[in-house]
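Listed in TrEMBL for this protein:
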type	residues	note
TRANSMEM	A:9-29	transmembrane segment
TRANSMEM	A:35-59	transmembrane segment
TRANSMEM	A:71-96	transmembrane segment
DOMAIN	A:73-131	domain 'Flavinylation-associated cytochrome'
TRANSMEM	A:116-134	transmembrane segment
TRANSMEM	A:154-176	transmembrane segment
TRANSMEM	A:196-216	transmembrane segment
C-alpha cells in the first residue's frame, strides 16, 4: 500500500479528534479553541491538496448518481467550512483580537454555530460516502478478510449500536435547534465529563456516516 | 462509667440538635441578590411580553432577572438586593454585547455602588444573573470577591439566552469555596420568563429545594 495513502488516513483520524475537541467549545479554554480551529483549517488545506487529483479529475469521465452525490456533499462541505472559518475569524478574541473584520454580533455568532453544526452533519455524510474506501483500507492494514464474520456480522452490529446511541445523543443534546437557527447562545455543560462529550459527538458522527453508507447501499448499489 | 454516660448524653443531644435543624430551616433568613441589565427593546404594549433581557408584566417594565428575583422574594419573604455598578452599562443590545466582550477581555471587575454590611443576618442567599459571553457578568464577580459568603447556602438562578448556567457554577465554587452551593439552580430562558407558568415553576423549584435541604 502506498505510504501517502497511509499518511492521508492518519491525517483524517487526527482531524476527527480535533473536530471533536472543537465541538466541545467548553472542554478546553477559548484560547485553545481558537488555536485548534486554526490548526484544523491548515489540516483541511492539507487534506484537500493531498486529494488534488480528485479536483483535477472533476471534468473527466461520466457522472453516475454516486459521483453526483459525492460532488454535492463535498461542495456543500466546502461552503460550510468556509462560512465557519470566516465567522470564526470574525469572532476571534485571542488570535486576531483587533482584526479589522472583528465582529461579535448576534448574527455572526449564529452563523458560526449554524455552520459548524451543519458542518458536523455534512462531514458525517462525507465520511459515509467514503466508508467503503476506508473500510477496505482498515481491512488491509489489519489483515482482516472482508468476508470474515467480524466484518460481516460483528462490526455492523457494533456500529448499529453506536449509531443508535448517536441518534439518542443527537436528540438529547438538542442539535436540531442549532441546525434550524433557533439558538441565540450555545449551551455548554461545564460539569459533565470530557470523555462523554467526545463519545457523544463521535457517536453522532457515526450515526450520520453509517446511515449514509447504508442508504447509499440501499438506493444506489443494491439495485445494480 | 461516668465518662460513658457523658459521652452518651453528648451523642444523644448532638443527634437531637441535628434532628432539630430542618425545622430551623423554615426560619432561614433569606437574601435575594441579583444583577439585571434591562435592554431597550420595543415591547408591543401587551402584557407578558419578553425581549432580549427585558419583560413587561402588569404594565411594569423589568429586567428578566429582576422579575425572577421579585417572584422568589414573594415566595420566600426574603430581602432584595440589586447589584449596581458605578458606571452604567449600555442599554442597547449590540453595544452591550461589545462592551461586555471588552470588559471580559480586559478582565475588568467594575466598581459596585453598594456593599452588604449585614451579611451575618442571612443564612440563605439567592444569587441571580444573566449569562454574558458564557460567563457571569463581571459585576457578579465583583460582588463575590467583595463579600465573604462562607457557611451560607448559595442558590443560583438565571434568565438566560440559551446557555443556562454555562460555567458560572464552577466560578462561584472557585470564588466562594466555603459556601454551600446548591447546584439545582433555576434556569429559565428569557423567552419564557414572561409566561404565566413562570410563577408556578418558581414555587415548584422552591419546594423541591426545601426537600433537598431537609
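Cβ coordinates are placed from backbone N, Cα and C, and glycine is handled just like the others.
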Highest Cβ pair tally under 8 Å against the transmembrane segment (A:9-29), stretches A:35-59, A:71-96, A:154-176, A:196-216, lands on A:35-59
Rounded mean pLDDT within the domain 'Flavinylation-associated cytochrome' (A:73-131) lands at 94
DSSP assigns the residues of the domain 'Flavinylation-associated cytochrome' (A:73-131) as 44 helix, 0 strand, 15 coil
Query raised in the report: So, does the transmembrane segment (A:35-59) come close enough to the transmembrane segment (A:196-216) to give 3+ Cβ pairs below 8 Å, pairs being at least 6 apart in sequence?
Result: no
